[in-house]
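Participant: As annotated in TrEMBL:
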TRANSMEM  45-60  transmembrane segment
TRANSMEM  80-102  transmembrane segment
TRANSMEM  122-147  transmembrane segment
TRANSMEM  153-172  transmembrane segment
TRANSMEM  184-202  transmembrane segment
TRANSMEM  222-242  transmembrane segment
TRANSMEM  263-287  transmembrane segment
TRANSMEM  328-347  transmembrane segment
TRANSMEM  367-386  transmembrane segment
TRANSMEM  392-412  transmembrane segment
TRANSMEM  424-448  transmembrane segment
TRANSMEM  468-490  transmembrane segment
Amino acid sequence: MAANSSPQPQFMTNTANKNLSNQPLIDDIEYDQIVVPDKKSWKNIFSYVGPGFLVCIAYIDPGNFQTDLQAGAQYKYGLLWIILLASFAALVIQSLAANLGVVTGKHLAEHCRKEYPKVPNFILWIIAEIAIVACDIPEVIGTAFALNMLFRIPIWCGVLITGLSTLGLLLLQQYGVRKLEFLIAFLVLTIAVCFFVELGYAKPESSEVLHGLFVPQLKGSGATKLAIPLLGAIVMPHNLFLHSALVLSRKIPRSVNGIRDACRYYLIESGLALMVAFLINISVISVSGAVCNSSTMTADDREKCEDLDLNKASFLLQNVLGNWSSKLFAIALLASGQSSTITGTYAGQYVMQGFLDLRLKPWIRNFLTRSLAIVPSLIVSLIGGSAGAGDLIIIASMILSFELPFALIPLLKFTSSKTKMGSHVNPVAVSAATWVIGTLIMGINIYYLAEKLVTSLKDSHLGKAVKVLCGILGTLCLLVYLCSILYLAIRKNKESTHLLALTGQKVYKFLNQTIYLERTFLRMQLPQQRTTN
């Protein structure tokens, strides 16, 4: 480990000047780095393993479990294809976030601060903070449900305990990033083992599971409504900020080949981590679909499946598969909630530091984020109980889906910019695929918003004048949403060239000009200072 201290690391491309190619642009960063050996070896991949597993936790957090359970209970295996599509999209998008950090030495939030004017940058920061709070709410409620299942602690007490537990976990930071990565990997493995065991006893029909994976279908507006939180719970906006910052914990060789190898290894590592997350999500939906469509279910159990949440799932598994099944589910949920709070806190730190250039102590930042998440969770759990808390998770997942374009579009614009990425700019095929994925997600969001507005006004008992007023306000909000997305998509990037964006003769010319200016400056005669007695 090499301990340095500065804003962010940056790396220099390989040039014709061998003496300058290994000099860092900024020599000190604000956290310890894991040094990657400057040699050609497949063993280097182990130096890169870690950030992908920290990121993949967001794909198997309590919000995912909630939406997965409802998808399986209501549509059996019919929505599995959304998980497949979202996981593929997540791999492509997360690899772009990692590439942005590796190539430029700055994470996504920092690029937004440099790129956008003050007002748009401030609005993007507010949206990113709302996304982190929306991500925190399922984690808080999920951990509270897990404590209730294991120790019979009331939901509202579990919400309060969850806020304190994260502070203890953050103490792991003093032991270094590697120890934290091992802990998260262990928790991911725990979640996977629990659900794979559940899957083995639920025994879903493999042919039906494969049909649901590869045959897209959306049966009615209810399926569309559920598809949005499924997408929102998979591709999360705060994860893009997090991944682009976590890759900076590695001190890679400062050369073209070193940067290219880092991008390749991070892609492999992210693929392995997201594959585990994909299998876990498939297992949750398959278990829920098999249990809720079992021929041995009682009428009471079928009623629970109609509005399944994390708390009801415990009792349902206990009745159908046995008491041990409920305990396994609770352990997996507890591991998911606690690990997700760590990564959420890290994302919050990077977002605040990047957008505002403001650094807070981790416990202060965590306290603020926890408070914003705990207050609505506590109010809802006291008033609405476990059912209200479950609905709040779905709402939070939908918010994440609606906010995704405000992190995704800047990422696509930056990684497609030659002036920022140089020779590592996105290939045309990758750019086209990511824009198609982003457009699809935004299209589903806009379709659902428009449909929800029309059906809500149509079924309401309000007067005509009130309906017209609400319709106008709703349409204006939708137009503002569309215009904001178009602004980010159409606006041209600044013409600011990183040294990394220069390659070949451009770098050589740039360095020669710099050396020439230095020598000219040193040969200048400076005026003598006059001294007086």
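In case you wondered, yes, glycine gets a Cβ from its N, Cα and C as well.
On a predicted model such as this, the values are computed, not experimentally measured, just so you know.
Give me the structural setting of these features: burial, nearby parts and distances.
Facilitator: Within the chain, the transmembrane segment (45-60) has long-range Cβ neighbours (under 8 A, six or more residues past its boundaries) at 34-37, 87, 90, 94, 98, 135, 177-178, 180-181, 184-185, 187-188, 191, 233-234, 236, 238-239, 242-243, 246-247, 249-250, 262, 265-266, 268-274, 276-278, 280-281, 336, 339-340, 342-344, 346.
With a threshold of 8 Å between CB atoms, the same-chain residues lying at least 6 positions outside the transmembrane segment (80-102) that come near it are 11, 51-52, 55, 59, 68, 71, 108, 111, 209, 212-217, 227, 230-231, 234-235, 239-241, 243-248, 252, 259, 262-263, 266-267, 270-271, 274, 277-278, 281-282, 285-286, 408, 411-412, 414-415, 420-421, 424, 426, 430, 433-434, 437, 441.
Sequence-remote contacts of a segment are chain residues at least 6 beyond its ends whose Cβ falls under 8 Å from one of its Cβ atoms, and for the transmembrane segment (184-202) they are 50, 53-54, 56-57, 60, 273, 276-277, 279-280, 283-284, 286-287, 290-291, 317, 321-322, 325, 328-329, 331-332, 335-336, 338-339, 342-343.
For the transmembrane segment (263-287), the residues of the chain that approach it from at least six positions outside its boundaries are 44-45, 48-53, 55-56, 59-60, 64-65, 68-69, 71-72, 77, 79-80, 83-84, 87, 90-91, 94-95, 98-99, 102-103, 188, 191-192, 195-196, 198-199, 202, 204, 209, 213, 234, 243, 247, 317, 424, judged by C-beta separation under 8 angstroms.
Taking Cβ pairs closer than 8 Å, the transmembrane segment (328-347) reaches residues 54-55, 57-58, 60-62, 65, 132, 135-136, 138-140, 142-143, 145-147, 149-150, 162, 165-166, 169-170, 172, 180, 183-184, 187-188, 190-191, 194-195, 197-198, 238-239, 241-242, 245-246, 310, 313-314, 317, 362, 365-366, 369 in its own chain, all 6 or more past its ends.
Listed as Cβ neighbours of the transmembrane segment (392-412) (distance under 8 Å, sequence separation of 6 or more from its ends, same chain) are residues 62-63, 66-67, 70, 93, 96-97, 100, 108, 111-112, 115, 124, 127-128, 130-131, 134-135, 137-138, 141-142, 228-233, 235-238, 240-241, 244, 309-310, 376-377, 380, 426, 431, 434-435, 438, 441-442, 445, 449, 481, 484-485, 488-489.
Same-chain neighbours of the transmembrane segment (468-490): 120, 402, 405-406, 409-410, 413, 442, 446, 449-450, 453, 457, 462, counting only residues six or more beyond its ends whose CB sits under 8 Å from a CB of the stretch.
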Participant: Take the transmembrane segment (424-448) and find every residue of the same chain, 6 or more past its ends, with a Cβ under 8 Å from one of its Cβ atoms.
Facilitator: 89, 92-93, 96, 99, 103, 224-225, 227-228, 231, 235, 259-260, 263, 401-402, 404-405, 408-409, 412, 415-418, 478, 481-482, 485, 500
